[in-house]
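Enquirer: Here it is, the structure in full.
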Amino acid sequence: MMFRLTSVSCFLLVIVCLNLVVLTNACRLEGSSCRRSYQCCHKSCCIRECKFPCRWDGKRATFQ
């Protein structure tokens with residue numbers, strides 16, 4: 001009985017660890033805050049926000 005309880009708890013611990021790895025490696029969607037481009041799903045971090053394409057407000061900002 002002790003062996004079965006130990007193996008079940010180890011199995012559950014592995015599942016929890018795998019879920020944590022998946023959650024920490026998930027990319028961020030457009031509109032989410034970011035610090036680096038690799039954190040965003042489209043690999044585009046503009047002024048601490050995931051945006052694709054990068055839109056720079058200014059004189060000639062004509063992206064549509």
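One-based numbering along the chain as shown.
Glycine too: its Cβ is placed from the backbone N, Cα and C atoms.
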Enquirer: Can you tell which of Cys27, Cys50, Cys54 is bonded to Cys41 by a disulfide, based on Swiss-Prot?
Expert: Cys27
Enquirer: How far is it from Cys46 (disulfide bond) to Cys40 (disulfide bond), counting Cα to Cα, in Å?
Expert: 10
Enquirer: Taking each of the disulfide-bonded residues Cys45, Cys46 in turn and counting other Cβ atoms within 10 Å of its Cβ, which one has the fewest?
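Expert: Each of the disulfide-bonded residues Cys45, Cys46 was scored by Cβ atoms within 10 Å; lowest is Cys46.
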Enquirer: Taking each of the disulfide-bonded residues Cys40, Cys54 in turn and counting other Cβ atoms within 10 Å of its Cβ, which one has the fewest?
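Expert: Taking Cys40, Cys54 as the disulfide-bonded residues, the minimal 10 Å Cβ count falls on Cys54.
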